[in-house]
Amino acid sequence: MPKPINVRVTTMDAELEFAIQPNTTGKQLFDQVVKTVGLREVWFFGLQYVDSKGYSTWLKLNKKVTQQDVKKENPLQFKFRAKFFPEDVSEELIQEITQRLFFLQVKEAILNDEIYCPPETAVLLASYAVQAKYGDYNKEIHKPGYLANDRLLPQRVLEQHKLTKEQWEERIQNWHEEHRGMLREDSMMEYLKIAQDLEMYGVNYFEIKNKKGTELWLGVDALGLNIYEHDDKLTPKIGFPWSEIRNISFNDKKFVIKPIDKKAPDFVFYAPRLRINKRILALCMGNHELYMRRRKPDTIEVQQMKAQAREEKHQKQLERAQLENEKKKREIAEKEKERIEREKEELMERLRQIEEQTVKAQKELEEQTRKALELEQERQRAKEEAERLDRERRAAEEAKSAIAKQAADQMKNQEQLAAELAEFTAKIALLEEAKKKKEEEATEWQHKAFAAQEDLEKTKEELKTVMSAPPPPPPPPVIPPTENEHDEQDENSAEASAELSSEGVMNHRSEEERVTETQKNERVKKQLQALSSELAQARDETKKTQNDVLHAENVKAGRDKYKTLRQIRQGNTKQRIDEFEAM
């Protein structure tokens with residue numbers, strides 16, 4: 001029994017370990033990996049390894065693993081990575097697992113600066129990555145510093161700007177708050193939709209020379225072949241869509257591309273090593289096949305996958321809506337509870353105030369009763385005094401009469417009697433005046449007593465009203481709203497060729513009509529422009545890279561990925577090949 005071989009496969013978010021037999025093929029290992037991770041969109045992916053010479057290479061699926069130049073380690077090391085990239089992520093990436101693997105791979109490439117990303121776009125992408133990781137922003141949970149341990153921006157961007165970690169976090173958080181309600185998988189898709197508009201996204205670069213010996217870059221991607229000057233990987237100068245290419249072949253280091261246009265000459269370039277030509281051929285075949293497949297009706301399998309993905313997404317949206325509904329109900333219930341508690345406190349306070357008013361009113365009533373009693377006593381005294389004075393007046397009158405009588409009877413003592421009469425007359429006048437004064441006082445006291453009695457009756461009535469009044473009604477309750485394998489060829493083979501068929505394909509070059517994601521969204525476009533201006537104030541100009549300079553020139557000239565694509569494909573194939581030869 002042959003001894004099994006240990007294999008470790010690292011995906012973007014997991015490490016898988018297998019034991020394989022010495023006769024296990026690359027396809028058998030690949031199938032085991034995709035089955036383990038639950039992936040059905042296998043045509044984008046491959047297994048990458050480092051060979052004995054230190055070069056990164058794709059595992060050939062039609063050969064045994066042991067017959068390939070995998071670096072001898074225990075276990076054997078492989079990376080499960082996207083080998084081919086879609087033209088439009090939102091149209092082509094169906095399964096959530098596929099979307100997540102692409103998201104993680106592209107994010108890593110941007111953070112490592114393998115894909116150039118301008119600073120303001122890096123902040124926007126970081127906010128989608130944060131939404132994908134943390135969900136909706138919640139200030140109760142996401143306290144300042146919640147992003148301190150996350151790697152969210154390329155080191156280049158951090159070093160170029162005089163901003164603290166807190167200032168970067170604030171800018172990312174502002175956008176994170178705007179993504180409220182966005183599902184995590186939708187956040188990954190939004191990230192990819194922005195990232196796919198970056199010039200270096202999905203491009204495999206190879207060093208080549210034309211017949212003149214000029215050092216250039218060949219870019220192989222989902223849309224075709226592009227030629228770049230050696231100091232500019234952002235802006236291709238000449239482009240050939242896959243629909244213009246009939247045959248690709250190489251002989252040793254010479255690579256020949258035959259256009260569909262029979263009048264056009266062959267497109268010839270030279271690679272520094274044979275293995276580079278093998279890899280270019282494999283990538284051309286794979287990308288061309290996917291380019292043509294996209295321009296034909298979906299297979300039954302893809303239709304089924306899309307239907308299943310739609311159903312799963314719909315189910316998730318329903319579940320999320322249900323969760324949101326329950327959350328809202330909880331929030332409404334909590335608010336109702338708070339309202340009731342608040343009303344209870346308000347009623348208790350009102351009751352306390354009523355009790356205080358009652359005690360105060362009782363005290364006032366007692367005081368007014370006391371005053372009324374005093375006034376009554378004063379009135380009584382004044383009345384008695386008036387009666388006494390009246391009695392004295394009558395007695396004086398009687399005495400006057402008696403004296404007058406005596407005076408009449410006793411004329412002989414007239415002087416004495418006259419004096420006594422005058423005395424009594426004066427006394428009577430004084431008594432009359434005193435009586436009148438006392439009567440006025442009695443009248444005044446009587447008025448005061450009546451007023452006090454009225455105050456007493458009014459206070460009794462108010463107390464009665466306060467004691468009998470019902471508590472204020474509560475406010476009305478709130479009613480809630482309701483690979484096909486593309487062999488890089490045997491290492492000993494110094495030549496290979498592949499015919500690229502374009503039969504049955506409609507609308508070959510639809511990609512030339514595309515616009516970037518930010519051009520579609522005016523609000524995001526303005527926010528990016530504002531952030532770009534803001535970051536420019538904090539930028540250290542001495543730390544600008546060549547790509548920063550090139551990007552700034554493109555922005556100034558109004559160029560983007562798709563405008564450049566249309567421009568570099570202008571003219572016929574012959575004109576573009578002549579242009580390439582002249583570089």
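Cβ atoms are placed via backbone N, Cα and C, with glycine included.
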Do you know which of 152-183, 376-407 Swiss-Prot annotates as region 'Disordered'?
-> 376-407
Annotated phosphothreonine residue, as Swiss-Prot has it, among Thr25, Thr299, Thr564 = Thr564
The candidate from Lys53, Lys83, Lys254, Lys306 that Swiss-Prot records as N6-succinyllysine is Lys83
Whole-Å Cα distance, Thr564 (phosphothreonine) to Lys83 (N6-succinyllysine), is 24
Per DSSP, the compositional bias 'Low complexity' (494-503) contains 0 helix, 5 strand, 5 coil
Protein Cβ atoms within 10 Å of Thr564 (phosphothreonine), excluding its own | 19
Using DSSP and three states only, what is Thr564 (phosphothreonine)?
-> helix
